DNA sequence: AGTGTATGCTCCC
DNA sequence: TGGGAGCCCTACAC
């Protein structure tokens, strides 16, 4: 089979090959079923989709036409946007791996871009830690230590009073207290920036709390805490797995590991709580445009839509979307909030549209199966184009010969339009999100945060990258030492990919070498650079 | 290079 | 509806 060939192509896979593979995937592997569905939809969707197709030929030319029409007072934003999507997709082929940080000793479980600062992102880890960084300014970083503390050790809160201090000096110092309490999971299940105060985040934690934490050193506020179970080896049997905020509703949603959904006021006051799912609630999200509409995803193989004005019990859902497997996420598209993107735990990415919630508009076959020791893979939207990003976990049963790429699909056609890959970042990228500007992708790969964009940063910013990496490795060492003391089973070290380290080291040695690095990156850099 | 370890999910009783 | 055996098969430290 062609498998072999593809595997050997790995590092130096040429751009044409990438493109070809994109074609392959959207073609034969996606099966006739899909294409038939696509055709059906086109007619259903009418002019909207057709125009997207028509502009493929028009390309840039038609943009001027729409700008002109727009100046005449016609509202044509969506068409203009579609025109711009095509050049954007083309520009994606020149995206490459920009830099990496490994701030944690446990794998990354969630990633959130800062809503207004396009180069700042926050990541949460399996160990309960949160790290805020500006990838352009490596010195701008804040580390929030995972609580891992029970009620009795309230003193530990001082840790958070000065996060920057904590990051540099407290790593080796505060170890003792953590051991006893740190249960198996104080992991960050979900995280959301507080829309009214971007220095804060709402955090759902595996230790059973929903908190509001501050990057400016204020004491975290516990908004909700699950019951202490009093068992020997852990503190809680129930913990929150996700969060979302609605400013207009003045409400938070969270769901727990057994299917309970909780609605809270912003002050933590409980508004509603009931077991709405039969198993873990993996995701809960308010529709930003229609604030009474709530989507929940669950390990019970369903995604459900709820009307918050009329939510009573598990039977009061508006719509149920059964899936073949457990579901990791259900995201409304940020642009008009009329679509829902779901990712299951095996090989389906679905796109539902508000015009008919009863069946998906598209089912994209895509390997991303569940594995116990991997952060669940979730497909996410581009902030304003009809595109989605998702990490691939190759599976020969689904699609033989795959690489561990980051895939970008057109959500209207279900076509794979681009794949990102770099030999120095060889792991599975479970989490991938575009920043709010839509021009950078942040990824979580094991313990490492990766950033992908068009800048030649491993070259021009290599010192920064180097500094960033070594800084985090150092801090991680301190952290690791501390953790080793606190628990022998909770040891894990933060390390960037060995190849990446080597690469950074060699960059340090010789400046002149810069343009000849790694196949994939280089080949992508050859591509034109817009902007 | 080889081993150990890490709070997922499913299925069956 | 709860508990536990069995299985999914990565990424890290030592």
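Using the three backbone atoms N, Cα and C, a Cβ is placed for every residue, glycine included.
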Suppose you had to name the range TrEMBL annotates as region 'Disordered'; which of A:1-56, A:57-112 would you pick? A:1-56
Other than its close neighbours in sequence, what residues sit by the repeat 'WD' (A:274-316), given a CB gap under 8 Å and a spacing of at least six beyond its ends? 190, 241-246, 248-249, 251, 253-261, 263, 322-332, 334, 336-338, 340, 342, 345, 357, 376, 378
Looking only at the repeat 'WD' (A:274-316), how are its residues distributed among DSSP helix, strand and coil? 3 helix, 20 strand, 20 coil
Mean of the pLDDT scores, which run from 0 to 100, over the repeat 'WD' (A:274-316): 97
